[in-house]
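Written below as structure tokens is the structure these notes are about.
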Amino acid sequence: MAPGGGRGSKTAGYGNSDFVVVANRLPVDQERLPDGSTAWKRSPGGLVTALEPLLRRQRGAWVGWPGIVDEDVDHEDDPIVQDDLELRPVKLSADDVAEYYEGFSNATLWPLYHDVIVKPIYHREWWDRYVAVNRRFAEATSRAAARGATVWVQDYQLQLVPAMLRELRPDLTIGFFLHIPFPPVELFMQLPWRTEIVKGLLGADLVGFHLTGGAQNFLFLSRRLIGANTSRGAVGMRSRYGEVELESRVVRVGAFPISIDSTALDQTARHRDIRRRAREIRAELGNPRKVLLGVDRLDYTKGIDVRLKAFSELLAEGRAKRDDTVLVQLATPSRERVDSYQQLRNDIERQVGHINGEYGEVGHPVVHYLHRPVPRNELIAFFVAADVMLVTPLRDGMNLVAKEYVACRSDLGGALVLSEFTGAAAELRQAYLVNPHDLEGVKDTVEAALNQSVEEGRRRMRSLRRQVLAHDVDRWARSFLDALAESGPRDG
């Protein structure tokens, strides 16, 4: 059944939530305080931003890890209610975090799904832990869900949960959405556990991807690895779903590009305090003629090095002026215990130091670099202050930062430079699209964005805003859940 208006009556052997979201993390983080007690704080991330309002309206439950290590994984804590959200914590031990999360999820699946920018590592011990933790999530979800409930499983860390949950609770309607790219078939085939992953996903009634290409790849793999009959027609965006025929049921496969709460962002960005802070930011930067901005997790997929290299060469060639152009890079710390991420941070900070050493002046660097989280309203002020937004990933499932920047520009100012290899590029066609592997092309595109006329900038931004404001996160969730509801309830 589709999510209803609240928590159902509890039935023996079932939970009491008619709608359950399952994700690697809860929408709040648990912290241990110096006195040994614990406290909760809101956790960052696009997934939380996208799903929390929907779940709150539905008064459902959220199953996820609270963010702290707990060796007593067999002891189940009672559900927690925070701001009218029922939270179902799943405990992870230090070994779970090392092998399931940092290992299989982020050193095996993440690089494989992002076109092998970094070589994936295949360890059988990591796979075994991934299976065990996915089962723990499935069991926690089974305990939370009311009879006939709708369950929405999120992302690459939990790709085995749909099949495990189907086995435990055939009465449930199960959806799965992948928030990162789904790789080309020839890359996915490298995975030693490729068949198990596909079977895991086929436990869902609906499997969703950002783009039609990911959906088509999954249909092909279902034929090749499972021997299933599948639809052969093209999958459409938010329409024309593919189908995988199993022995007793049909799994639908679709493309549902995620978005943001664009109306809320638009309203916040118009606020007088945000506008004042944006002016202050420009003043603190020395009132340059042009401000370029990058906002990313510090991740090797994001192409931060590409934009820094392009900016450095534009300065060297005199195509950007060191006395009136600055670049601000906000880099949120990410996966700091993973070797490739530690190396990336060293490389980026060395690059920033080199550029400032070559082109900056005392008290006036040309690159301003922050390696820490930035409060939400401060980030919005940076969006309002920036003349050019640089979004240059080598591969990205969607990239919500691009949409957030557009939502904040009610003044129709600014320019968006956007990698062709983001999901967002399929929708934001009036951005300055760029191939991040083509450095000369990146330089030319950034220069064009810096020098665009007011009329050209307003024309592009008006079109971008029309797209982003019309296709918001509510529409994304609605389109997925409507398609999931059409799968119908399952009788146990």
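Placed from the backbone N, Cα and C atoms, the Cβ positions cover glycine too.
Matching ARG25, ARG232, ARG252 to the D-glucose 6-phosphate binding residues that Swiss-Prot gives (TYR101, ASP155, ARG335) identifies ARG25. The D-glucose 6-phosphate site in the record is lined by ARG25, TYR101, ASP155, ARG335, and its two most distant CA atoms lie 17 Å apart. Taking CA atoms as the reference points, ARG25 (D-glucose 6-phosphate binding site) and ALA402 (UDP-alpha-D-glucose binding site) are 23 Å apart. Taking the mean position of the Cβ atoms of ARG25, TYR101, ASP155, ARG335 as the D-glucose 6-phosphate site, the remaining same-chain residues with a Cβ inside 8 Å of that point are ASN24, SER105, ASN106, GLN157. The Cβ neighbour count for ARG297 (UDP-alpha-D-glucose binding site), using a 10 Å radius and every protein chain shown, is 17. When the recorded positions TRP110, ILE180, LEU400, ALA402, GLU404 are screened for a C-alpha within 10 angstroms of the C-alpha of ARG335 (D-glucose 6-phosphate binding site), no residue qualifies.
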